[in-house]
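Working notes, beginning with the structure itself.
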Amino acid sequence: MDVSWLESRQSGQVAAMLHEHADSIYAGIADHLPMIFFTLNYLLVNIAVCIYIQWDVMLLMCSAIPALIGCRIIFSKWFAKTVDEENKLQGKLTNLVSETFNCIRTVIAFAAQKQTINKFERISTECNHLTEARLRSSTVFDSLTQILLTELIFTAALCYGIWRVADNSPGRLCALAINMLYMCVTSISIGFHLNGAGTAKQNAKEMRKILDESPKIEADRCTLAAISPDKPIPIMPRYRRQSMKFMGKGAIHFKDIYFSYPSRPDIQVLKGINLRVEAGEKIAIVGSSGSGKSTLTALLLRFYDPTNGSIYLDGENLKSMNPDDLRTQCSLVAQEPILFEGTISDNIRYGRLDATQQEINEAARKVGVWQFISSLPEGMQTRVGDRGIQLSGGQKQRVAISRAVIRKPTVMIFDEPTSALDNIHEEEVQKAIDLASEGLTTITIAHRLTTVKNADRIIVLDDGHIVEEGAPEELLAKEGSRFQKMCYDQLIRPQTTSEMPLLSMLDQAENDLTLDEQKRAWARNSLMQNTRLGRSYSLQSLEKDKLALPVMSKKRSKRLDYQYTGSQWEFNKSFDEEDIRYKRSSFSSLICLIRNYRDGYSYLFGAIPTTVLRAFFYLLICFEVASVLEISVTPESHRAEHIFLVAAVYTALIIIKTIFEALGRLFIALWGHGFCSYLRNEMFRSIMRHGAAFFDDEKNSPGKLTHRVINDSSTLNKMMEQKLDMLIPAFVCSVVSVIVALVINWKMALLCSFQFPAYFIIRIVQIREGSRRQRQMMDEEKKAADLTSVVLSNMSTIKAYCLQEHFYSVFVDVLKPLAKAMRHQSIISSFVFACQFSFTYILIAITLYFGKLMMLSNEITVFDYMRVVLLTQFGANFFSQLVASVTDFSKARIAAENVLNVMRENAVDMDNLTEEGLRPKLEGHLFLKNVTFRYPSRPIVPILKDMTLKISVGESVAFVGPSGSGKSTIISLFQRMYSPTEGFVVLDKYNAKAINPAYLRRCVVAVGQEPTLFSFTIKENIAYGLIESEATMEKVIEAAKIADIHDFIVSLPQGYDTEVGEFGAQLSGGQRQRIAIARAVIRKPVVLLLDEATASLDTLTEKVVQQAFEKAGKSCTCVQIAHRLSSIRNVDRIYVVVDGQITEEGNHDELMELKGLYYEMIQAA
């Protein structure tokens, strides 16, 4: 599907639809549809026999069919509408869970756990109301139609049959009664399968809408929408072998381009853009945030087509090109690069799937990422974590650049490629980019104008127009030009306008150190002394000839081909999965969960007695048939009276049975759904208690956690609602039928009871095989769910690198073990089903033979024989269902274990929902005392090493240093995202551990390097984490004005009520950043933490926002991390952090006089 289609739907809803609907369709096809066909065929045979015996009696019996069909059609329309509404709410619920876990660090940072839980419970309650209304209606409908109507007509037909047939042939009457009995029972049982098939049909209709919706742009061979019913699904190779031959020279022409995003067609982003880029030319596009720079690259990669105008590559209109062929010629380094769960080597190889390890290493060397990689114990095989969370921003950026370089394209697109790098690494990477893009058409989007100094041409965009264009020297020399003003604003050294050497930005040879001198300066400052491993990494050595080769484990080095190696769907099992797989489970977890759901006791205590009583009525039909047959031997003068009496008694009993049936099913259904809702709420609440360290663990990836909350509880709901409704009556009927049969005639009862061990032996095969494969199936489902979540959340990156077929093939590989297990289980189930029915009729034949002998010897009457046979037959069928339920409950048992483990897992280090802890009035004094820190997920080496520092109240300080030196870790400790391994973090005079976590984060607020927004409105995002009384509209507007985003917001048709899309996808990077800044300043924090907060802003906006920060800093302590050294020149104190230690300290002038690393960084800038 197109990117625009995916943006119009939230990934969580799409993922929920894929898994929930697929499960429903599978159940409809594999379980319900075969049983419907079997039942219908069974009914047809019964009808044919009954017509042959007595056609008019059969007509009376069939009179219920039109009524049943009519009621079913009317009910199905209402049922489908209700299911649609439920699915929409279920999708919203799933998306909220998925988005929360994907953005969990933002949730924690703004103490929004309780707000998120309340929203989750609100949607869940709304969904519950719909579901309960559906359950009440469907229960009453099934009871009235399937039971009351069917059994009443059966009673009437049976009595009429006695009157018509009894005198002629009692044997024919017996055959007629038996066949009518089976018709009645079968008609009742078909209702459950019709409901299941109806749900499957409705879900399949929604899936079909997507399959029938052809993409306007994409032409993926693996897209299911492109697969017609008469064509087989294409068998694709393991990897897409991309052709790296240059198909063109790279000449680009934007001709009269107008564009509006499909989600906002009334807002024009580009307005008549005309731009030519010659083959091999290097151009830079600059301008304010939201001016349309990134939109141009999206159009060039054909994520969208322009509203008007055309784009040409080497003279060919992009609309006539296959999108994948186009993207194969382009490499994109996005503003916020996405890395996938897996190794560093895997992520670089995504640029070109057929690249060798040598080519990967070379690409890493070109962009300066090889040094820190080689310092890691596992080298290239080091895992980067979900979305690259185990790497610092700069390291993640350089891995993304390596991924682009290895592609060897004709067009290179850099969207803020060095925004996350420090000055020295920026210089190194910029030289690597220049070298890698030599001879290629290069488009660079930048706010840091040092990254565009080597461009052949500068394009200045403003409000969707090109306002300036020319060579850098030309625009710099042009007085009053916008580009000249941007350069003035970014200069560090204070000089008068007449003295300012504007062209120094283009020629810094006289003022800056050479690369070799920079390396020596870094070495002098002990920058690369120690190896470390954590969420961020430092460098070990800058000298390439001294670099160690990557250490590859035996397990990794034996891989013969490349595969996506996310741990959650990796074909090699993780240790925790192995432990769980062989752990013997019991029903104790399930019983514990049921016991803890106290709100459902009323439904459960109502369900048990009504279900037990209704089980007795199931056996009533056996006595009814025998009683009616007994009437046939009574004198004709009394026959009518007896018929009326039997009909009246059984009619009254049927009505009572219907009431118990409706109540029993309703209570169990309501209890099962409430149980599911309770488990979801408790699991979600339990997970939200944990700190960031919990979510760093691979086994707690967003996809897996979402699957646990949504799918495990749903599995339990299905098992408990469906099987409990069957289990209690099955148990009661199995026991009671045997006891009553023994009382009637113990010899015949014992003979007929041989069905029970026969069924047990048959079912034991299914139990053994089912229990063994259930856990495997659930594990594979989790892997598939996790992969789906990752793919749908990062589709733009996947399409940019033509990875659709690769991820499709990985998805198919993940599903293969699941499909194999399901296929095996289906074969076993079919075998058991066939054996059960075969044994039934074999045993009936045996009982007929021995029954005849016993009747001839007067050991049993024909009517007692009928009672015993029917009772044991019913009892054996119920016993078979009882044994089969054990297999189904194995899945429920495993799901219960998973749920209970989540609910019982205590929050380590901190409980984010606790009400305990101090809530002192904080002033803003910060103190790190002998702090050593290791990330819990990577405890091998320290990130911070015995660090001590003090920040006074109201002081403005900044941390600078190379990427991966530990700066962001310091910010995390101040917010108590983590607790130090050793030492103390002190706020004022209080240990951070003693302060309530939520209260602390309301006082200490951070603006991150890569801000995360939620799929809410702009107002809701700015007020995120605040209670309603604190988030008035006036405060929201005031915060937006401080962040210089108010004018943009009010220009939108819906203003502050505009939806920003998933992860803020409907906004540009700069707009997202400014909303994130507004989200921070609205809280009026005591301590404001800025981690590259202005990295995505243009120069003018940065200046405005920086002034706002300075103003806010007067009333709070302000801590900054910056690579743009111009933004921290006026702070009170600067700390230089290298390899987890503070190497320099002082204000700007003091550090310049020291001429240490800070001085070198200034020179490099």
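The backbone N, Cα and C atoms fix where each Cβ goes, glycine too.
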Check your understanding: Between 604-621, 748-765, which stretch does TrEMBL give the note transmembrane segment?
Key -> 748-765
Check your understanding: Thinking of Cβ pairs under 8 Å, which stretch from 1-192, 605-891, 926-1164 has the most of them with the domain 'ABC transporter' (252-488)?
Key -> 926-1164
Review point. Apart from its near flanks, which chain residues at least 6 from the ends of the transmembrane segment (640-656) lie with a Cβ under 8 angstroms of it?
Key: 147-148, 151-152, 155-156, 159, 162-163, 617, 620, 624, 627-628, 631, 634
Review point. Quick one: mean pLDDT on the domain 'ABC transporter' (926-1164)?
Key: 84
